[in-house]
């Protein structure tokens, strides 16, 4: 059967995009269309294999407790044995489907979006490598393999964010993303080293069996610190507070890159790492609390910022930060099922909205400010419908996909912590408001007479239509295929809607969208009046709570200050000592030089004087000894 073949050849899923990268980079550099076909073909075959793996997991004996694992020895040394291979469980199978599908659709979309770009083949090479890195991360059997692909994902994001390298803003954004995520990666690396020291293995399956025994014998103190170190990596990669600052600036890359980063690759890698290491986190209540509150605060914080942003892609970027916070919150309250469910639905509707935004920007020649747009629903009906589906999905309006996954997270939070439930509910209200604000401003109102927009080409429309379909039906998957029995940690979870929680959240979302319509649609309450009345609050949100300015001040004050101090030490202490010794030697040599007159009588005089001096010393020394002896004898 194809499903068995796909399962036993799952290693091909990341290998095929990697092969496409090599082919494009070294063979097809001057053939743009062939490069696109190579990338799309590799992704299509990988998606087919991922479908087969998913079918094998659904119909076969593979569960969380009994994963399918293939290993080969990577390297061995005393005290360390590292394998490389494929680890397939329901969570990994779901991620393979999401990553391959979204990557395939983004590449199809990119054929139209990047048409005529001088770096067309380079772009598709980077996309293929990006997909390969993320897929390699998904199937990793241990922390070492995961960390290798984790860093490769970071490299690809750097290359794609800085794709327009001739723009200063793109170069700065790429560096910001790379450096900020390295802070998180340092914590992750420390955590991995601690795990190796404590357990003697970094294999996910072996660790899940050893952690409960360690906790029972040694307690949770040290292991909680290790888990938090590991969690710092996802904080950076998934844009969680306080390492979220790189993600909005990542918009400098081409829009298809933004869709891929925000929907199915880099930013969800952090969420997936926590899910993959859930055996570690779930055994440590304090670590789970940290994960939950970091996620909850990030969700609310980013939503509060998105309310006032003016750039189309930046609004979507902050919505991604907020939704990733939702996923972390779900993991922190113990619901891996809800987190992975929302990761899946979010991948569909967020990719849909980014690609729809790309269609708008493409039609308006990269005009980013939403308040310079308007009336696009008449000129771009397919894009309008696609964005409408995405907005309704992220707002949690039934029967769209986001309604079901958001409800699962709210229910999980309510069962564990009412404060976290309150945070998640307020976030849901703000999300519906700022997404409706963006939608009404861009697609309603009066069109700009200077704009002449038109609908995007067929390649771009195909991706929008497919993602639109999944954004509608994606939420019904758990109810059709028992998602909670499939993707889980611990006992099986049967999906069921809590109508009270769902009703409250839906009512709040509808109210938020109605409020946005009153302010930005019919303008019953002009936004400018509210902006003036609440100027301090508006500025606080619009300036992103001055976090970037705070980091810049800290760098200038402490990092640059430390640099100046070290410069002073280097110049005046280290170099001062070295140069002082050299100067002293040079000065002494200069003075001794005057003794070299070249006249024999001077040398004879020096020799005679030295002889007399030595003789006097010997005489005085002997005389002193004699006096001391006589005096001592007299005293005796």
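Counting begins at 1 with the first residue displayed.
Cβ coordinates are placed from backbone N, Cα and C, and glycine is handled just like the others.
Remember, TrEMBL labels are computer predictions, not curated facts.
Per TrEMBL, these features apply:
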- 6-28: transmembrane segment (TRANSMEM)
- 35-58: transmembrane segment (TRANSMEM)
- 74-124: domain 'NADH-Ubiquinone oxidoreductase (complex I) chain 5 N-terminal' (DOMAIN)
- 123-141: transmembrane segment (TRANSMEM)
- 141-431: domain 'NADH:quinone oxidoreductase/Mrp antiporter transmembrane' (DOMAIN)
- 147-166: transmembrane segment (TRANSMEM)
- 186-205: transmembrane segment (TRANSMEM)
- 287-308: transmembrane segment (TRANSMEM)
- 315-334: transmembrane segment (TRANSMEM)
- 382-401: transmembrane segment (TRANSMEM)
- 421-444: transmembrane segment (TRANSMEM)
- 456-477: transmembrane segment (TRANSMEM)
- 497-522: transmembrane segment (TRANSMEM)
- 603-621: transmembrane segment (TRANSMEM)
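For the domain 'NADH-Ubiquinone oxidoreductase (complex I) chain 5 N-terminal' (74-124), the mean pLDDT of the prediction comes to 90. Through the fold, the transmembrane segment (186-205) approaches residues 67, 69, 79-83, 87, 140-144, 147, 150, 211, 214, 222-223, 225-236, 273, 276-277, 279-280 of its own chain, all at least 6 residues removed from its boundaries and within a Cβ separation under 8 Å. Helix, strand and coil content of the domain 'NADH-Ubiquinone oxidoreductase (complex I) chain 5 N-terminal' (74-124), in residues and according to DSSP, is 29 helix, 13 strand, 9 coil.
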